[in-house]
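*Asks:* Annotation source Swiss-Prot lists aceneuramate binding site at Ser47, Thr48, Thr166, Gly188, Asp190, Glu191, Ser207, citing sequence analysis. Taken from Swiss-Prot, the feature active site, proton donor covers Tyr136. According to Swiss-Prot, the active site, schiff-base intermediate with substrate annotation covers Lys164.
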Amino acid sequence: MKNLTGIFSALLVAFNEDGSINEQGLRQIIRHNIDKMKVDGLYVGGSTGENFMLSTAEKKEIFRIAKDEAKDQIALIAQVGSVNLQEAVELGKYATELGYDCLSAVTPFYYKFSFAEIKHYYDTIIAETGNNMIVYSIPFLTGVNIGVEQFGELYKNPKILGVKFTAGDFYLLERLKKAYPNHLIWAGFDEMMLPAVALGVDGAIGSTFNVNAPRARQIFELTKQGKLAEALAVQHVTNDLIEGILANGLYLTIKELLKLQGVEAGYCREPMTAKATDKQLEVAKALYAKFL
């Protein structure tokens, strides 16, 4: 297994206008991340990949393309989580057979599952696949909050390496790192990377890293070195960019920024708005000129 610390892009997926996967575009996004953004790895099949609007077959196809293009150049994490446990197991087995370095799974959502049910979900995926696991905690979208003691229960399974922490509760983040120093934490909010690194996270997984990974690495390394004023200056610039991206439409804007760099980033998947408006295109061009 490759080193799983550092800067990981949450991989965007290029779609054609009819909603099908644009394989050529997806390969270009992967190459851009490896060759230009110099990321340490890719987090494939997450929210940024518009994953929860895709069929099982489409999710497998994205895993296949990503592994085929990246090969062994960087670390690959496959997000296989689903409210359908059988699908999660099927995807986990497939990604493991492809040679993914680790699995990740979002906490099961929509229904108010008990913690015992959530623990069973992770233990089942691990038992069926034999692969290592990263818990994907994103409570503002799932409504699932896992506490310090509950993480301790999850961590009794030695295959669970840590958590992708996409939450603003930095008290919980600090408590987790103190309680379980041997378990890894990946920051999931790009705009709060500096304080997360100051609290000891081991890496970061972000959507904006598809276009802004060099700055993310600067923040990560400068903060680790204790150069907080310098890191904060880079975080300010990063957050100015993120503010513009969020106001203009997150995934559409990142895809337009990639297109301005010659990457065939394609469309978004409906029911998201598939195509940027003229106004959104103008904003993307302005962001590109100012920040990239």
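Using the three backbone atoms N, Cα and C, a Cβ is placed for every residue, glycine included.
Note that the structure is a prediction, hence the values are computed from the model and not measured.
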*Asks:* In the structure shown, with every protein chain counted, which of the binding-site residues Asp190, Glu191 has the densest set of Cβ atoms within 10 angstroms of its Cβ?
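*Replies:* Per the Cβ count within 10 Å, the most buried is Asp190.
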*Asks:* For Lys164 (active site, schiff-base intermediate with substrate), which of these recorded positions sit within 10 Å, Cα to Cα: Tyr136, Gly188, Glu191?
*Replies:* Tyr136, Gly188
*Asks:* Comparing the binding-site residues Ser47, Thr166, which residue's C-beta has the most other C-beta atoms within 10 angstroms in this structure?
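*Replies:* Output for this query is Thr166.
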*Asks:* Tell me which residues of the chain lie with their Cβ under 8 angstroms from that of Thr48 (aceneuramate binding site), as long as they are six or more apart in sequence?
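*Replies:* Thr48 (aceneuramate binding site) has long-range Cβ partners Ala10, Leu11, Leu12, Ser207, Asn210, Tyr251.
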*Asks:* Cα distance, the residue listed as 'active site, proton donor' to Gly188 (aceneuramate binding site), nearest Å?
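*Replies:* Roughly 9 Å, rounded to the nearest whole number.
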*Asks:* What is the maximum Cα to Cα distance, in Å and rounded to a whole number, among the residues Ser47, Thr48, Thr166, Gly188, Asp190, Glu191, Ser207 annotated as binding aceneuramate?
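*Replies:* Binding-site diameter by Cα atoms for aceneuramate: 17 Å.
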*Asks:* For a quick check of packing: other C-beta atoms within 10 Å of the C-beta of Tyr136 (active site, proton donor), how many?
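*Replies:* There are 25 such Cβ atoms around Tyr136 (active site, proton donor).
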*Asks:* Sort Thr48 (aceneuramate binding site) into helix, strand or coil using the DSSP assignment.
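*Replies:* Going by the DSSP assignment, Thr48 (aceneuramate binding site) falls within a helical segment, counted as helix.
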*Asks:* Starting from Tyr136 (active site, proton donor), work out which of the binding-site residues listed here (Thr166, Asp190, Glu191) have their Cα within 10 Å, and give them in sequence order.
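*Replies:* Hits: Thr166.
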*Asks:* What other residues of the same chain, not counting Ser47, Thr48, Thr166, Gly188, Asp190, Glu191, Ser207, have a CB atom within 8 A of the CB centroid of the aceneuramate site?
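*Replies:* Apart from the listed residues, the neighbours are Ala10, Phe189, Ile205, Gly206, Thr208.
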*Asks:* Mind checking which of Lys164, Gly188, Ser207 has the fewest other CB atoms within 10 A of its CB? They're the recorded positions.
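*Replies:* Counting other Cβ atoms within 10 Å of each of the recorded positions Lys164, Gly188, Ser207 gives the minimum at Ser207.
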